[in-house]
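The GTP binding site annotation in TrEMBL covers A:70-77, A:135-139, A:189-192. Among the features that TrEMBL reports, domain 'Tr-type G' is placed at A:61-242. The signal peptide annotation in TrEMBL covers A:1-20.
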Amino acid sequence: MLPLVRRIVGLWVRLPSACTAPALLCPSQPRVGRCPVEHVVFRRPYSSQKEQLDMSIFHVENIRNFSIIAHVDHGKSTLADRLLEITGTIAKTDHNKQVLDKLQVERERGITVKAQTASLFYHYKGIYYLLNLIDTPGHVDFNYEVSRSLSACQGVVLVVDANEGIQAQTMANFYLAFEAQLTIIPVINKIDLKNADPERVEKQIEKLFDISKDECIRISAKLGTSVDKVLQEVIEKIPPPSVNISDPLKALVFDSTFDHYRGVIANIALLGGEVQKGHKIVSAHTRKTYEVHEVGILTPNEQPTQKLYAGQVGYLIAGMKEVTEAQIGDTLYLHKQPVEPLPGFKSAKPMVFAGMYPIDQSEYNNLKSAIEKLTLNDSSVTVVRDSSLALGAGWRLGFLGLLHMEVFNQRLEQEYNASVILTTPTVPYKAKLSSAKLIKEYGKEEITIINPAEFPDKISVSEYLEPIVLGTILTPDEFMGKIITLCQARRAVQKDMVYIDDHRVMLKYIFPLNEIVVDFYDALKSLSSGYASFDYEDAGYQATDLVKMSILLNGNPVEELGTIVHKDKAYAVGKAICERLKDAIPRQLFEIAIQASLGSKIIARETLKAYKKDVLAKCYGGDITRKMKLLKRQAEGKKKMRKIGKVEVPKDAFLNVLKRQPEK
Amino acid sequence: MAVPGWLSPGVRLAAIARSARLSGSAATRQAPGAEPVGQAALYVHWPYCQKRCSYCNFNKYIPQGLDEASMRSCLTQEAQTLIRLSQVQRISSVFFGGGTPSLASPLTIAAVLETVSRCAHLAADAEITLEANPTSAGASQLAAFRALGINRLSIGIQSLDDAELGLLGRNHMAAEALGTLEEAKKLFSGRTSIDLIFGLPGQSVASWTRRLEELIQLCDDHVSLYQLTLERGTSLFKQVQQGFLPMPEQEVVAEMYEAAREMLRAADFRQYEVSNFARNGALSAHNLSYWQGSQYIGIGPGAHGRFVPRGSGDSLREARIQTLEPDSWMKEVLNFGHGTRKRTALSQLEVLEEVLVLGLRTDVGITHQGAQVLLERFGCAGLSATDPPHTAPAVLGGQSSPRDLNPDSSSKQEATACSRSPEWTGALSGHLKILHPI
């Protein structure tokens, strides 16, 4: 936990008593810390005079709401740091590294998981501007969050690495912004790098995005080169929000966090009206009414203000107890003044499921409370209690995607010190039922299958469906052949292939989600020496040929190892599981046949030879006590084993097969 | 578990009669009910070695300024205290183990034997074994040991390959071992045993059988065969763990074992216990008494014992362990007369469990009647379970088919007796439950 504490302290240290720019209404108050800017100082939240900021001085035409979007590692967060420094939002020190990435996992992985917002004040051509920077999660798993964040913006800064050029996520993010009809400011970052080739990147941008290369700004966020130009472009090019203060309140919730003392803190963008303490507001989604306790802006820490006005971005605390009450995409309005909710709201939909179990069952309650705390901040994770004969009590968690799953797991380990067993991820299949009896039983014709035990027999099913995604791969063309082979092996269907410049190709494929959830990304990275990038988006469901595969030990099925697989993949998957089991089950006094079967048909087999026991061990006076102890311990050990027929299977064997394999 | 076979009572008696060397104790074991209550075997632990062997995890020390006179007086003191505590009238056998007891001066060995025969009856022909390493057992020493009463020698030859001996950390060469064996055979004719280890890193079936063949030609009437067990904390364990030494495959070691059994059988050896082979009836009476569940007294640092401390008014058998470290042990002996560090009273069930586990290591196994006898006599000394009355209709786990020491007739029924399948063990424990209403 120490790093977390240090991190928080660090943030406070780095943001000494917010010395920000413009002259606002601010009566006498002590100045704390060094203040490089002469104007007026914002108050700390702990000041006795709260809600000093009067946001009404920022007229709509002087507000710009924008986002920075980029592929992983192209310098989005570093650019955000520089913008915060230039505008005096944070003091300029050497330590400002990814200030907006507060989570340890974000800093370690260099990714942004949680959207962060910062209000910047910038003096340009004699006018004080309020620039609201909405930092978005960089990964497609959080696509929905990205799109919600973008809907609070009028423009984006699209950052592309001058060396790597356009990557898969650059594409995905561009299209999100493009579809939202936002102003796009292309920025080519890292021009200080030795291998930087901004001209090539400009050509790619021109070709793929149809944006003139003259519009590209070449910067180095690391060194601060031309970063102020970015701010100026934001003001010049991005339109102010088209909203009206006189309209009734209409606020978009684009993010939320949970504070143990204050409850849910909803990040909102005001698309109409104004909001202040004491207002009664209603959630369009839940229809619940709340009284507003506090509003303010994020700098990026919470800074209470008297009011928030249309066009502005800030936070709101209104006695919401759970993050599910402030779902991303929800619309808030004033009590008795309902407005048309903003379109496009949807609840987070899990795409990848995995079992999570405590390594030791005695840790169950600790893990439970850790998961509860973590899901407070991340309502997109679905949690269903589950139990496995082999692994004990646990949960089946639904995640937005693979990265989301990894991040969740890492946060559990880092922030809650919980070590868990995570099983191989699976995807939600569907079945269209044909049996009238089953339809009656389920009450619907189409059911979702998450647990293989619930897999309905083919006789009573007219069609099985599996989730598919549209995957985008960008790669230097030298790896194209290998990548196409890989995609074909994953049952993918090519949809598109475009040369984005002389050497780089963009491939689009429809993938069954199941084929990419385990190791596709690693395989892609390794066969392209790390050069190919990959991104995907949800593409619905398609009909498929699914079978349930059972694993047998000497003819007896092992319930917890049953899986749903595509018919064409059954052999390979069965063989792999049998091989892993063979390595994991200790040899016993008789031969063990490890088989994979589809119905009654055996498709793979491994044989575990009988154990040759060391019979010639000495046993005299002194050895007897030891021998008896050993026998007792063996008897205890046998109790812990699962007996399948006569075969004793230690828990570890299940673990080896069920848990996610480490990346190679 | 491989128990070569089941002797029919008649044949077994004949075998015992042939082994006149087993003398007094053998005669009493024939009729279980008649075994004297006041009898125990005695184990004496000499905790010192010249050098640490790479595979050994015994309680042994490299002596530094060893005061042998004190050691001697402590051993005799403890022998006296514990024999009196057990109130046995008779010590059936004595075994000097270690460490390397042949490093002790004959004076020390003599002093212990002298004390034993003063405190209890030690028959003139009682088996008195000394463990010897090929280096420390110079010819003159061996003769001296024999002169003071040692009548059986167990030599730790381990291997006849100098490279393997090096691997095991032994400080002798194959040639020395053969010399010692030659000498011992003269002095302890028919009562010299050798220890051999197989399944060593790098060993093949061929190299093992070649050496064994050689040894069978040279050895006396007793061989103890051990598969190398890698013990945690030994240097060999570490080397294998770190991947410096390749252990032979399970199948290979199993083949070595089968080959060795076959060769020894062909040379008229009887596998009377899983690791022990004897011909001409040269069974170790002392070790046999462990496997029969008889009581034994252990003296010396780290020695184990199983006896009823009648002297303190107890009637339950106790598992007793002496203090491990020699100096502390000596201090305790000086202060209290003995260095027993741990006493655990054994329940009926525990005693029976031990008898079961140990009895199944022998070729005669354990019998229904034997267990009954055990129960009847529970709490008494000498819980012999192996020798049922002549009329024993069946033994557990297999047919009591005739088998003598003739190798030809033994092969068939081995199949029934040698695999310790779960059912078999289950049947035995089932019997125990029936017999033992706990």
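Just so you know, glycine gets a Cβ as well, placed from its N, Cα and C.
Counting other C-beta atoms within 10 Å of each candidate's C-beta, the binding-site residues A:A70, A:I191 are led by A:A70. Every protein chain considered, the tally of other Cβ atoms within 10 Å of the Cβ of A:T136 (GTP binding site) stands at 30. If you draw a 10 Å sphere around the CB of A:K76 (GTP binding site), it holds 30 other CB atoms from the protein chains shown. A:I191 (GTP binding site) falls outside any helix or strand according to DSSP and counts as coil. A helical conformation is recorded for A:K76 (GTP binding site) in the three-state DSSP classification. In three-state terms derived from DSSP, A:A70 (GTP binding site) belongs to an extended strand segment. The secondary structure of A:T136 (GTP binding site), as reduced to three states from DSSP, is coil rather than helix or strand. Taken together, the residues of the domain 'Tr-type G' (A:61-242) have an average pLDDT of 83. The Cβ of A:D73 (GTP binding site) has 17 neighbouring Cβ atoms from other residues within 10 Å, across all protein chains displayed.
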